[in-house]
Ligand SMILES: *Cc1c(COP(=O)(O)O)cnc(C)c1O
């Protein structure tokens, strides 16, 4: 291998995290959310580790077809529904469940020639104002769908804008009650944050995503510290250079960091072209030979520089964990002003991946 950077995907951690999601919502069935190539972990790589799930939820037709072609026979949910009326032919052929969030989709369902009825997730706008029918439109949409012979089971679906907040579901759940009045149909409302923290929203099917990969829906890893969730993705590299700095010496592009005293710096083969966030500032945690230390200076395309003051034994070839078990992806994300979701999704194609 030419460069020492690599990612590791831990299948056992995936199975374990799915079991934790199930325990958190014992009365519900589980859609494992594997959109965005399983949050950057690689759908083809990970889906079998999640095969204990009741269904997979995603949004690309290509990903749904990959699962069917790989032998997955149980439900698949298209979270954003179909994007064009022609997609209904593939939904029919691959027996997919689809969300319906707009009137044009109902019309397309009415006009399509299908071999069997399609199961529908009727999407209600919880107040987030992305996709979905307003509460007062939900009944009409339901009645129209119910009358179509192309439509099978109908489930009420919603998604929340602020589920990390203990009070964040109060108003949205009222809107959903209004939409669901008089409709005796199953519900699917809960993302990871609701699965962990809002049992009042569990209902029939929960839809955890980020917790399956062992990161926090709130962006703060301490919020999941007591859950037993395990990080699935580890990003490792090695030290490929050492610099001995004198007081006042600058490091990296823009000399964004200056040594306050004599200081040893390690150069790590990992940069933003590998998916490490360019905005990670001096102070972002990193682990060298099992010892916690920090990034210093600017992240460049292919390298970062780290402080070796706390690890005098480290040298060329020392192992570096950018994120994983010791350095939580949420900690790196927070330092860089983003969330673990973005970092895992942005793992670069050039990084080799090992599955264990
Ligand atoms: C992405 C997504 C989820 C999963 O969200 P997490 O925060 O990763 O658990 C659930 N439902 C819908 C509609 C989504 O788009």
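Every residue gets a Cβ built from N, Cα and C, even glycine.
Around residue 35 (active site, proton acceptor), a 10 Å sphere centred on its CB holds 18 further CB atoms from the protein chains shown. As annotated by TrEMBL, active site, proton acceptor applies to 35 (among others).
Taken from TrEMBL, the feature N6-(pyridoxal phosphate)lysine covers 35. DSSP assigns residue 35 (active site, proton acceptor) to a helix.
The substrate binding site annotation in TrEMBL covers 130, 301. On its own chain, residue 301 (substrate binding site) has 271, 272, 273 as residues at least 6 apart in sequence with a Cβ closer than 8 Å to its own Cβ.
As annotated by TrEMBL, domain 'Alanine racemase C-terminal' applies to 232-356.
Counting only same-chain residues at least 6 apart in sequence, those with a Cβ under 8 Å from the Cβ of residue 253 (active site, proton acceptor) are 297, 298, 300. What TrEMBL records for 253 (among others) is active site, proton acceptor.
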I need the CA-to-CA distance for residue 35 (active site, proton acceptor) versus residue 130 (substrate binding site), whole Å please. 17
Structural state census, the domain 'Alanine racemase C-terminal' (232-356) (DSSP three-state): 19 helix, 44 strand, 62 coil
Neighbourhood of residue 130 (substrate binding site) by C-beta distance under 8 A, where only residues 6 or more apart in the same chain count: 159
